[in-house]
Amino acid sequence: MITISAILAGLLVTCAVWLMLSANLLRFIFGLLLLSNGVNLAIFAAGRLTPGAAPLLGAGGALPEAAMANALPQALLLTAIVIGFGLFAFVLALTMKAYRVFGHLDADRMRLAEPEKDKA
Amino acid sequence: MTWILSLPILLPFITAAATLMLRNRKGAGWISVLGSAASLLAALALLGAVLREGVVATQMSGWPAPYGITLVSDYLSAAMVLITAIIALAVSVWAMAEVGQTSSRYGWHTLFQTLIGGVTGAFLTGDLFNLYVWFEVLLISSFGLLVVGGRRQAIDGAVKYVTLNLIATVLFLCAAGLLYGATGTLNMADLRQAVAAHPDQGLMTLIAMMLMIGFGMKAAVFPLFFWLPASYHTPHYAVSALFAGLLTKVGVYALMRMFTLIFVNDQGFTHEILLWVACLTMLTGVLGAAAQSDFRKILSFHIVSQIGYMVLGLALMTPLALMGAVFYLVHHIIVKANLFLIAGIAQRLTGSSDLYRIGGLYRSAPLLAVLFLIPAFSLAGFPPLSGFWAKFVLVKATLEPGMWLVAFIALLTGLLTIFSMTKIWAEAFWKPHPAGRQPSLALLSPRARRLLLGPVIALAAMTVLIGVWPAPFADFATTAAEQLLNPVAYLDAVFNVAGPAAPPVAPEAI
């Protein structure tokens, strides 16, 4: 299971890098999304995928007899997913705004903030 | 202890909530100023506690370390929290004269306060994942601040700033996750022992490098600084000043924390890289500035070159060098924020920030000229201003182990800084205005004059104060450096806050 997750994470990062090398802003941010999901998967796998009981204590705080699953990586992941989602929403809105301002999404031609004489 | 550590984080968020509710009223700016003043008091209380006890720590919700989230403050953290509060107060007053009702309605003051809360949280946390969360808080607020009230250029700047910062964030997150997987802990004090005891030191160095790249990107070191000069000259001047003062310094702080507390076992490799990164950062930043002709763009490139000095202090890892780095951090934040605020006033008076289109400030606004000279000379390292002592200590620290080349680069960077400052002086202040305008301070309304000049004068006074009376600041920085190099007090404070330390749990045991 860990091997599959690791390979999948690597695959996602590969696709992400390929997308992010594009000059098109929309492809770039989709790459960013894949990258953050690839990393999430890597963290998930790094936290050990233990097939155990749910990490709940019994009555009076008694430990369950079988091995418990580690809840912490999942808590980290949930946080990271929520934050990633918020950031992605912002980046999408920013991309839309950029499209309205520039009329295109070609990162190579976004030079509005650069000095005049450098403009291509 | 809990309140003293959590108040500096809580107050900005309470203020943010208040300004959000009052964003349509005229008073939102004043609420922000009031909240910043309260944060300043809380930061002073924290500094007082740290001066009394050395290191203070607390566990959120009373969960013992390393299981709960630790808030911890040593000398460095307390100083950074205080300086953050000072800059927040200065910029929030200054912003009253620049940030209009429209930006306020879009939540400018709210974003401003959440940014301050995020920065303060990053300085105080003792947990790696919590540090990631604070980075996200300050990052998303900074995204908002960049584009609110947006001119068209701000969108262009924001695209580069946002995308490159997100890559850095993902790297940081990945490193934090892998570190947890390898050591089973995220508490920074606990990580020190866990990383040292880990059988695979190569893996630890690999994670250290991921963190170095992630934080290095935030700190804008060579070769990862391109987002900074592409975006810092586009938003409101108040936003530029705030970013210039604080944001890259959070990256530097995180680097200092990681590479003095946790990753100290392979210094021949990691700190050697930091050393050459520091030298190249100093040089490229200052050379980049020489090629620019926009007031804010020149200052932006100088942020990059100054970051090099701080990383240099970290890379050397001697008591003197670290003391210099801490001193430099404090000096630089004050000076840099002030220069951006002055650039904002200059733009108000002359109508542009392009140096070739403005001028005449010395003749018609001599007060502003004097106020510019103080931080500008301090930045270049003239005695008796604060920058002189900061550079003096760092250059001395490079000469002690006989690193002549590094010392030469540091001095050369100082020299080239003077060249850039002279350029601003000659173009914006000395030559007459090309359109024949008389850019006098009398053009401003009395209210705007008070709001704009008050913070600038206060920050300039601090620069002079540190310059002519450096002994207490140097003593403070020396203690901070000792704590960084030998973090016994830090570890004690973290582990003894709520009962004795539990042994770290290996991932196999879970």
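Here the Cβ of each residue, glycine as well, is placed from N, Cα and C on the backbone.
Long-range contacts of the transmembrane segment (B:6-22) within the same chain: residues 28, 31-32, 34-36, 38-39, 42-43, 45-46, 58, 60, 71, 81, 85, 88, 107, 109-111, 113-114, 116-117, 120-121, 124, each at least 6 residues beyond the stretch ends and with a Cβ under 8 Å from a Cβ of the stretch. Taken from TrEMBL, the feature transmembrane segment covers B:6-22 (among others).
Residues annotated as transmembrane segment in TrEMBL: B:29-51 (among others).
Sequence annotations record features per position, and here TrEMBL assigns transmembrane segment to B:106-125 (among others).
Taken from TrEMBL, the feature domain 'NADH:quinone oxidoreductase/Mrp antiporter transmembrane' covers B:126-417.
Sequence-remote contacts of a segment are chain residues at least 6 beyond its ends whose Cβ falls under 8 Å from one of its Cβ atoms, and for the transmembrane segment (B:131-149) they are 99-100, 102-103, 106-108, 111-112, 114-115, 117-119, 121-122, 125, 155, 157-158, 161-162, 165, 169, 172-173, 176, 188, 218, 231, 234-236, 239, 242-243, 247, 250, 254. Per TrEMBL, transmembrane segment is recorded for B:131-149 (among others).
The transmembrane segment annotation in TrEMBL covers B:161-182 (among others).
For the transmembrane segment (B:202-227), same-chain residues at least 6 beyond its ends with a Cβ under 8 Å from one of its own Cβ atoms are 135, 160-161, 164-165, 167-169, 171-172, 174-175, 178-179, 182, 195, 247-252, 254-255, 258-259, 262-263, 265-266, 269-270, 273-274, 277-278, 280-281, 284-285, 303-304, 307-308, 311. Among the features that TrEMBL reports, transmembrane segment is placed at B:202-227 (among others).
If you look up TrEMBL, you'll see B:239-261 (among others) marked as transmembrane segment.
Sequence-distant contacts of the transmembrane segment (B:273-291) (same chain, at least 6 residues past either end, Cβ-Cβ under 8 Å): 209, 212, 216, 221-223, 225, 229, 255, 259, 297-299, 301-309, 311-312, 314-316, 405-406, 409-410, 412-413, 416-417, 419-420, 423. The feature transmembrane segment is assigned by TrEMBL to B:273-291 (among others).
Per TrEMBL, transmembrane segment is recorded for B:298-320 (among others).
The feature transmembrane segment is assigned by TrEMBL to B:367-390 (among others).
Summarising the annotation, TrEMBL assigns transmembrane segment to B:402-430 (among others).
Marked as transmembrane segment by TrEMBL: B:451-469 (among others).
Same-chain residues lying 6+ beyond the ends of the transmembrane segment (B:367-390) with a Cβ under 8 Å from its Cβ atoms: 302, 306, 309, 324, 327-328, 331-332, 334-336, 338-339, 342, 345-346, 349, 361, 414, 417-418, 421, 424-425, 429, 441, 453, 456-457, 459-460, 463-464, 466-468, 470, 474. Highest Cβ pair count under 8 Å relative to the transmembrane segment (B:29-51), across stretches B:106-125, B:298-320, B:451-469: B:106-125. Through the fold, the transmembrane segment (B:451-469) approaches residues 86, 89-91, 93-94, 96-98, 330-331, 334-335, 337-338, 341-342, 344-345, 348, 367, 371, 374-375, 378, 383-389, 441, 444 of its own chain, all at least 6 residues removed from its boundaries and within a Cβ separation under 8 Å.
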